[in-house]
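Below is one structure, written out as structure tokens; the observations come after it.
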Amino acid sequence: MGTVSSRRSWWPLPLLLLLLLGPAGARAQEDEDGDYEELVLALRSEEDGLAEAPEHGATATFHRCAKDPWRLPGTYVVVLKEETHRSQSERTARRLQAQAARRGYLTKILHVFHDLLPGFLVKMSGDLLELALKLPHVDYIEEDSSVFAQSIPWNLERITPPRYRADEYQPPDGGSLVEVYLLDTSIQSDHREIEGRVMVTDFENVPEEDGTRFHRQASKCDSHGTHLAGVVSGRDAGVAKGASMRSLRVLNCQGKGTVSGTLIGLEFIRKSQLVQPVGPLVVLMPLAGGYSRVLNAACQRLARAGVVLVTAAGNFRDDACLYSPASAPEVITVGATNAQDQPVTLGTLGTNFGRCVDLFAPGEDIIGASSDCSTCFVSQSGTSQAAAHVAGIAAMMLSVEPELTLAELRQRLIHFSAKDVINEVWFPEDQRVLTPNLVAALPPSTHGAGWQLFCRTVWSAHSGPTRMATAIARCAPDEELLSCSSFSRSGKRRGERMEAQGGKLVCRAHNAFGGEGVCAIARCCLLPQANCSVHTAPPAGSGMGTRVLCHQQVHVLTGCSSHWEVEDLGTHKPPVLRPRGQPNQCVGHREASIHASCCRAPGLECKVKEHGIPAPQEQVTVACEEGWTLTGCSALPGTSHVLGAYAVDNTCVVRSRDISTTGSTSEEAMAAVAICCRRRHLAQASQELQ
């Protein structure tokens with residue numbers, strides 16, 4: 001007792017006053033935070049046991065949701081630096097509690113992350129943020145925020161290749177080798193559609209429902225999760241009828257959850273993977289919240305551990321890059337279309353769009369299991385349903401080829417999608433070029449796909465308008481950057497170049513004086529055993545122009561790019577190709593630096609294809625033939641009217657300004673120049689490399 005009295009004499013005055021609150025207030029505090037008193041008793045010993053860190057300015061950063069109504073102030077995810085040891089995570093949390101107590105504040109550590117990322121979840125006053133940001137090992141702190149379910153049988157026919165279509169949907173493989181984790185509401189697991197196919201885990205991390213009169217009817221609480229489980233693996237209305245599922249409850253009966261709850265759910269999956277490794281694993285996240293750095297980082301960690309993550313793009317008729325986890329590059333992000341392959345409209349809102357969307361899938365009036373009874377069905381709409389379709393397709397593809405990486409799976413999903421079927425007028429004008437015109441479909445066959453050259457186009461975020469502003473587009477870790485281009489709506493840009501960053505090539509685009517910003521466009525391909533390099537020629541300064549070659553005989557040209565250090569009155573003349581004579585060279589303006597992407601890989605061969613027009617038009621295109629894949633796209637000759645060149649599926653598109661306002665002449669005709677590549681059969685390629 002004497003020892004306890006001694007410790008009490010050390011308590012800060014504000015804490016002492018807090019403990020002397022009236023009985024009603026004390027009981028309320030005890031009900032809400034039952035272990036606070038135990039924490040207070042330990043604070044003094046914590047202070048004695050922890051050496052004070054030297055005072056220093058905060059180098060960590062603070063982040064919070066851009067949408068104020070979704071913010072949850074008072075709860076924060078403290079993310080520690082990458083190299084932080086497990087013991088240091090717990091020590092940092094204790095240090096925060098001890099230093100907060102000295103200032104008269106109570107804190108509560110809600111969760112310590114170890115397996116997903118180093119850090120912890122803490123309940124504390126926002127007044128302590130400055131203190132927390134100065135703690136050793138802290139990388140950044142993010143305020144918790146809300147996430148929401150994204151839902152407001154033509155669908156099975158739409159995703160099935162014609163050769164499999166019949167009176168009944170019968171996929172080639174049911175996804176029996178794959179396990180799908182669903183982060184959603186609770187599930188009615190005894191529904192006939194999913195009975196025996198879904199295991200409801202004991203994981204639950206949800207906020208309280210809003211409103212004191214909310215009644216938690218089972219049918220309401222289970223509605224969203226039950227429907228999506230049926231879409232993924234239902235006996236009658238499911239995509240991957242053989243896939244097994246595990247459900248984690250991260251959304252409450254109103255379809256609302258938190259970023260922190262989702263993080264803890266993802267860590268639960270990671271722990272399960274570590275304890276009992278299984279075959280291919282797909283995680284379906286049919287939810288969306290405001291942009292979250294920590295949620296995107298967690299998705300990256302899980303993806304690099306071999307997990308395929310599929311998420312809803314969101315139902316806000318907005319740029320998907322403003323939401324998480326939709327904006328995470330490692331996640332397969334899915335928008336929603338209707339039976340006519342058009343974007344889904346949900347009242348005044350609808351599917352999200354933009355460069356962060358990978359593809360679209362059926363998401364309107366989708367028939368699935370209803371939680372009203374064990375034999376009931378209901379139709380629901382939204383990007384949640386679209387994501388469930390892609391999760392089912394992914395499960396089936398992984399069941400056939402379980403060794404597929406995330407990059408290989410994504411490339412196959414894109415390659416086998418239905419193309420150019422969506423009416424782009426539905427999207428805002430500035431988003432049409434960025435949004436993929438792809439609707440998911442099952443591959444007709446995987447035979448021979450291993451030697452197919454798969455490529456996709458990755459757009460960067462739009463740069464700022466300053467002269468020195470740049471934009472960077474990156475490929476996935478398992479992909480090769482084969483070419484780099486740029487696009488500016490004003491036409492004022494200083495070009496682009498491929499450069500090394502963090503051991504990987506990236507595509508960097510440069511804005512010009514008076515420009516409105518620029519986008520970088522990377523052509524990212526799967527090219528196993530590739531040896532690629534970038535050859536650069538500085539400005540020639542005189543003569544016909546600057547030119548650069550792929551010097552090695554076994555290397556082929558996959559892309560050309562150029563950039564200017566100094567503006568030429570805001571114009572840009574990108575590199576051109578001379579297919580006659582020396583096809584392995586890029587030729588550009590004499591005042592520009594020219595870059596050639598040169599690669600060697602088994603069976604790789606490339607050729608140049610050009611399509612010109614006698615007078616300027618707003619757009620000119622050239623496409624690679626069947627069996628060839630577009631790797632590079634540029635403009636010829638590249639006058640000041642050219643806005644940029646970019647790849648859309650297997651077509652090179654060159655855009656120019658509205659010719660009615662530019663006073664163009666026939667001397668300013670332009671052409672689209674494509675580099676088309678393919679990989680020949682293994683036996684033939686092996687002979688050539690010997």
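Residue numbering: from 1, along the chain as shown.
Every residue, even glycine, has its Cβ placed from backbone N, Cα and C.
Close to D184 (active site, charge relay system) in the fold, though at least 6 residues off in sequence, lie A149, H224, G225, L228, S247, L248, R249, V250, L251, L284, P286, L287, each with a CB less than 8 Å from its CB. The active site, charge relay system feature in Swiss-Prot is assigned to D184 (among others).
In the three-state DSSP scheme, H224 (active site, charge relay system) is classed as helix. Residues or ranges marked as active site, charge relay system in Swiss-Prot: H224 (among others).
Contacts of S384 (active site, charge relay system) defined by a Cβ separation under 8 A and a same-chain sequence distance of 6+ are given as A149, Q150, S151, H224, L228, P286, L287, A312, G363, in order along the sequence. In three-state terms derived from DSSP, S384 (active site, charge relay system) belongs to a helical segment. The active site, charge relay system annotation in Swiss-Prot covers S384 (among others) and is backed by sequence analysis.
Taken residue by residue with DSSP, C253 (disulfide bond) is part of neither helix nor strand, so it is coil. Residues annotated as disulfide bond in Swiss-Prot: C221-C253 (among others).
C356 (disulfide bond) counts 25 other C-beta atoms within 10 Å of its own C-beta, drawing on all protein chains shown. Mapped onto three states, the DSSP output places C356 (disulfide bond) in coil. Under the heading disulfide bond, Swiss-Prot lists C321-C356 (among others).
The annotation disulfide bond is assigned in Swiss-Prot to C455-C525 (among others). For C525 (disulfide bond), the count of additional Cβ atoms within 10 Å of its Cβ stands at 26 [all protein chains shown].
Feature annotation from Swiss-Prot assigns disulfide bond to C475-C524 (among others); the stated evidence is sequence analysis. In sequence order, V458, L481, K504, L505, A522, C524 make up the list of same-chain residues 6 or more apart from C475 (disulfide bond) whose Cβ falls under 8 Å from its Cβ.
According to Swiss-Prot, the feature disulfide bond maps to C484-C507 (among others). The secondary structure of C507 (disulfide bond), as reduced to three states from DSSP, is extended strand.
Taking Cβ-Cβ distances under 8 Å and a sequence gap of 6 or more within the same chain, the neighbours of C599 (disulfide bond) are E480, L482, L527, A530, N531, C532, S533, H555, V556, T558. DSSP classifies C599 (disulfide bond) as strand under the three-state reduction. Look at Swiss-Prot and you will find C532-C599 (among others) tagged as disulfide bond, backed by sequence analysis.
C550 (disulfide bond) falls outside any helix or strand according to DSSP and counts as coil. Annotation source Swiss-Prot lists disulfide bond at C550-C598 (among others), citing sequence analysis.
In the three-state DSSP scheme, C586 (disulfide bond) is classed as strand. Taken from Swiss-Prot, the feature disulfide bond covers C560-C586 (among others).
Under the heading disulfide bond, Swiss-Prot lists C606-C677 (among others). Within 10 Å of the C-beta of C606 (disulfide bond) there are 22 other C-beta atoms, taking all protein chains into account. In the three-state DSSP assignment, the secondary structure recorded for C606 (disulfide bond) is strand.
The DSSP secondary structure for C676 (disulfide bond) is strand. Residues or ranges marked as disulfide bond by Swiss-Prot on the basis of sequence analysis: C624-C676 (among others).
Counting Cβ atoms from all protein chains shown, C633 (disulfide bond) has 27 others lying within 10 Å of its own Cβ. Swiss-Prot lists C633-C652 (among others) with the feature disulfide bond.
Among the features that Swiss-Prot reports, domain 'Inhibitor I9' is placed at 75-147, with the record citing sequence analysis.
What Swiss-Prot lists as domain 'Peptidase S8' is 153-459.
Within 10 Å of C676 (disulfide bond), judged by CA to CA distance, lie the following disulfide-bonded residues from the set C221, C321, C356, C606, C633: C606, C633. Just so you know, the Cβ of C524 (disulfide bond) picks up 25 other Cβ atoms within 10 Å once every protein chain is counted. Cα spacing between C606 (disulfide bond) and C221 (disulfide bond): 56 Å, rounded to the nearest whole number. Neighbour list (C677 (disulfide bond), Cβ cut-off 8 Å, at least 6 residues apart, same chain): L453, L482, V556, T558, L604, E605, C606, K607, W628, T629, T631. Per-class residue totals from DSSP over the domain 'Inhibitor I9' (75-147), listed helix then strand then coil: 25 helix, 27 strand, 21 coil.
Considering only the disulfide-bonded residues C356, C507, C652, the residue whose Cα is spatially closest to the Cα of C550 (disulfide bond) is C507. The closest partner of C598 (disulfide bond) among the disulfide-bonded residues, by CA position, is C525; the full candidate set was C221, C253, C525, C624. Separating the Cα atoms of C633 (disulfide bond) and C455 (disulfide bond) is a whole-number distance of 13 Å. In this structure, the C-alpha atom of C624 (disulfide bond) lies 8 angstrom from that of C652 (disulfide bond).
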